[in-house]
Amino acid sequence: MLSQESLQQIDREIAKYPPDQKQSAVMSALRIAQVEKGWLANETIEFVAGYLGMPAIAVYEVASFYNMYDLHPVGRHKITVCTNLPCALSGGVHVAEYLKEKLGIDFNETTPDGKFTLKEGECMGACGDAPVLLHNNHRMCSWMTREKIDQMLAELDGK
Amino acid sequence: MSTQGMILAGCDGDRTWRLQDYVARGGYSALRKIVADKTPQDNIIAELKASVLRGRGGAGFPTGLKWSFMPRSFPGDKYLACNSDEGEPGTFKDRDILRYNPHAVIEGMAIAAYAMGAARGYNYIHGEIFEIYQRFEEALAEAREAKLIGRNILGSDFSFELFAHHGYGAYICGEETALLESIEGKKGQPRFKPPFPASYGLYGKPTTINNTETFASVPFILNMGGEAFLNLGKPNNGGMKLFSVSGHVNRPGNYEIPLGTPFSELLEMAGGVRGGRKLKAVIPGGSSAPVLPADVIMGCTMDYDSISKAGSMLGSGAVIVMDETTCMVKALERLSYFYYEESCGQCTPCREGTGWLYKVVHRIEHGEGRPDDLDLLNSVTGNIMGRTICALGDAASMPVQSFIKHFASEFEYHIENKKCLVPPEVQHAGSNIYVSPSC
């Protein structure tokens, strides 16, 4: 169900914990699975559960608790904008409005071509870099102006 | 290159985070000395106590005292955890420490492990900073290769394994027992205390959890001596501290300064209030800390005691600056939404109460406030505070109480006139996209 490469990455995570505590790797395993599959379908969650020797419901509890896991399909590029107070004071909301206008979608929506999904995020711990957004959970984009957003969207559009 | 500060002194952005750079700055000398001299554990803890280092994550608990709670004669496994799950709005200091000086955290954890007899540790890193997690993994590999962590550190009989654990988006995991649950592969829901982690922590074993900045301070304290560190700050408020300044200032960023520095100086370092506008209010210690009006904060020094005397908390040292274009109702609405969104749902007063707080502040902001809404908000906060397993309920309540206390007239104006005292176009312009020219 997951590629050999993903399984090797998960094995490296498992090795960080005591031998009888394999389930400690569940968060990383779900992250790795999500990177490969794009989102976490029930069968992916069940596969991870089997791999770690956990009940599927225990893995689902984790997947549904932490907000960076996607339990529904998202676009190829998920953009999460922080609108929390410190970011909002430096334009976080303006950035979100600009993205909505450019992409023609609201928060939690995906463009009809399946390329972009827009999400509203909570504090990313980078308030000094405001306005801040995350691309596909793993790449932080700092000090986002309208020009930088135009540039970013143009780059991602080709990918 | 930063010439100021302690942890970040001599660091030059992304260029000087590697092992060789840290060693060139004197790094790992404290660990080497301890291992070579076989320093008694008690001496290290005594030095920490003398330094009056207080936990840098938010609670300000004395670190030396916390370390002394670990049962040192306990025969089985003991653990260390570093809390790098930095998600308190306004706080972004641990990210810079991990990014620019990760080895200071590794050395601090290794020393802590030696002092408490812990054989294994985890650094729990905030979900949204994946690139920092990757860097920390690289720094760990360097340290392992140089025998600074792992089995038989520097050829001695002291062993300590250290790993990075990556979070995935849950503010509550910054609460120390939720963090442990999360490492155990569960939902991050806080545990009842007692038992405290020092007796029942990770996997049920004695565990000490400290913040990133706390661990990173340890090598510096041992090198300079506890008393010298204390003297950098002021009595009962030892040392240097990183302050994350965000919001309406010209140069948002981290400033590592002695505790006891006047707020006015910190504001000046951050370039002053943006556009020469007037300061309105400051949240001095992360979004959970009570807000202080301009005239109060301008009379404060930045340390635990001064801020606490003014009616707030130094917390994590996250300073959120708001100028005269800010609508206090709107600011509180956003914070209340955050706590509602991040409540783990375990305790009824918090799960239900944070929803009420958000709903009521939201309706005031949107011109649908009712005359008794302020009483209602105060009553809801009173019913949350002290009635939950962890401090998230209190953290959600303190902003509400303090915003109403200090800016009551603004809330009343909203309710009576169904609009804001600050014209919408002024608010809009005041919160427009701002990127400091130095970025």
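Glycine is no exception: its Cβ is also placed from the backbone N, Cα and C atoms.
Keep in mind that TrEMBL annotations are predicted by a computer and have not been checked by a curator.
Taken straight from TrEMBL:
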type	residues	note
BINDING	A:Cys82, A:Cys87, A:Cys123, A:Cys127	[2Fe-2S] cluster binding site
Per DSSP, A:Cys87 ([2Fe-2S] cluster binding site) is which: helix, strand or coil?
helix
Return the residues near A:Cys82 ([2Fe-2S] cluster binding site), defined as same-chain residues 6+ apart in sequence whose C-beta is under 8 angstroms from its C-beta, sorted by sequence, else 'none'.
A:Gly92, A:Gly121, A:Glu122, A:Cys123, A:Met124, A:Ala126, A:Ala130, A:Pro131, A:Val132, A:Leu133
How many other Cβ atoms are found within 10 Å of the Cβ atom of A:Cys127 ([2Fe-2S] cluster binding site), counting all protein chains shown?
31
Based on Cβ atoms within 10 Å, give me the single least packed residue among the binding-site residues A:Cys87, A:Cys123.
A:Cys123
Could you say whether, by DSSP, A:Cys123 ([2Fe-2S] cluster binding site) belongs to a helix, a strand or a coil region?
coil
